[in-house]
Structure formats: C-alpha cells, structure tokens
Amino acid sequence: MSSLSLAVRKRRHCEREKQHDVEILSPPSKEKEKKKRPMSQISGVKKATQSPSLAPACIPRFGVNTPHESQLAKEIEDLSRWGMDIFKLAEYSGNRPLTVIMYSIFQERDLLKTFKVPIDTFITFMMTLEDHYHMDVAYHNNIHAADVVQSTHVLLSTPALEAVFTDLEIMAALFASAIHDVDHPGVTNQFLINTSSELALMYNDASVLENHHLAVGFKLLQEENCDIFQNLSKKQKDSLRKMVIDMVLATDMSKHMNFLADMKTMVETKKVTSLGVLLLDNYSDRIQVLQNMVHCADLSNPTKPLELYRKWTDRIMVEFFTQGDRERDKGMEISPMCD
C-alpha cells in the first residue's frame, strides 16, 4: 500500500473519531443540573432557618421570644376554649402563633415527655414549619394553621371522645393539623390543574395541594435537628405516618360530601357507653372520626365568635378575588366566588 493511501486512511479515521466525539458531547449545564437533581427534592422546601443548637435552657416560656409575654400568657389561658382569639395570639407572639400553639398544647397534653421529644428539636421544627407558610397569602397561612390545631385540640377534649384516642393518635391529629396547609400558594387545586402547574403534574391532578402539604411536612422532619419523632419506634412512626396522610388527604373539599355521608352512617350504627362515650373498635372507625375532626376544625370559622368569623371571611375573600384576578389575566374562566 502506498504512503499516500495510508495517509488518506489515517485522515478518514481521524475524521470519524471527531464525528464520534461530537455525537457524545456532554449535555449543556442545565441538562446536567436536571440529571443531578435528587428525586427526593420537593418544591417549596427550604433549609431550616432556626439555629440547630437551640439550648433547652434558653427556650422561652411559650417557645418564642416576645416583648408581650404577659399578654401572650393571658391569651394562652383560652387554649382549651372554643373561640380563642388566634389573631391576638399571632400579634403577641411576633407572628409565631403556630409554634406557640403547638408548644403549649404538647406541654398541656404531656406529649413531649410521653414521646421523648427534645424541646429544642420541637421548637426548631415548628419554627421551620411555620416559615414554610406564606405570610403573603391572606387565608391559608400560619394563623389559619394555628387556628386549626387549637380547634382540633378542643374537639379532642369533648366528653364523647374522652379517653377514646391514644396519645399517638392525638399527636398524629395535632401534627396533621399543623402541616395541613404548609406551603399553600393561595390558589385552589382546580386552578393548579387548569394552569398545568408543576404540582398538578407531579400529583396527577389528584388532591394536588393536600399531597404537597404532606410531602413538605414530612420532608421538613429530615432537616437538621427537626426530627421530632426520632424516639418513636418503627411501628409508631409507620402508624403515625399512615394516620397523618389519611387525615390531611381528607381535608380535600372535593371529598366533603362523601365523608359527610360516611360519618352519618357510622354515627347511626354505632353504640355508645352508658356515659355517652363513642365506641370505636377498629382502625376504619377511629381514623374516620379523626379525619372528620380535623376537617371540621379546618372549616370551623362560621362557628367561632362573629368578630373572628368576619376576619376569616374577609381573608378568604381576598384570596378568592386574587385568584380570580389571575384567572382573568390569563384569559381563563373565573372560578365560583372569585369574581
């Protein structure tokens, strides 16, 4: 073979190598970022903003620093009363009503000791959770979450349910109430579905917000010094997680009529003790009552004193009208009550 032929073959070989190199060029940086993104990443989750080394001895009386401790103490006296003024509590706590309410209730019910929850971990988690509620959302914010927790606490104390639920079930109901609207964007499930939002795509249009609240709530437990359930057994953790999921998913208003019908059927067929205490002897019945309890607490505004009810009504209408404005701007059909 001539030297010329060898040279031509080498050149062609090099050209093929170059073509091959071009075909396997690394993806653009954005594509790399997508591939590196962990599957466990959840939209809306931020790092814990509170100090992970919060010393138990330094924790204030109500879990938060406030110059209005005496006024806050007076409001906390109504902790177990239906119609507590959660707006005053938010004001006196420096807009930390959820942390204060949960800390006070967990102390009142002795849940911190029962489940060996480190106080600094509890406060760190609660403040981190509260920071994931949007202050610029008129209704579905940390004040609403605190109101639902407090209402659930009162409902759990009704005579018909006295000594019916275990401490684990009570803690699950309070935790579910606390996380049930976390990272709420101030729009409805239907709006998210109609706009093909990332959340609607992720949850296949099914209870979009409720699934997201659960994901964020449980994900935050993995942040530094935030695992308030660290001393529970595996069985307790599994049981609590199942109950919390069942309760938060039940706050989806699209399921309201079904839950109402099921509850009516259960009440009509259930027996009560001579003292009027409801008998719940299986998981299905027990979770059904807990689901309806949290759902009732979530919708309890109309049963509160008129002054509070008006404040809540004003807030939900602001949220609805804001959504309606967004729908109008997008050329969408405006949702009921949003115009």
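Heads up, the Cβ atoms here are built off N, Cα and C, so glycines get one too.
Note that the structure is a prediction, hence the values are computed from the model and not measured.
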Among HIS134, HIS144, HIS256, which is the one TrEMBL gives for the Zn(2+) 1 site where HIS180, ASP181, ASP298 also bind?
HIS144
Cβ atoms near ASP181 (Zn(2+) 2 binding site) (within 10 Å, other residues, all chains):
25
In the predicted model, what is the mean pLDDT computed over the domain 'PDEase' (64-339)?
95
In DSSP terms, helix, strand or coil for HIS140 (active site, proton donor)?
coil
Count the other Cβ atoms sitting within 10 Å of the Cβ of HIS140 (active site, proton donor), across every protein chain shown.
23
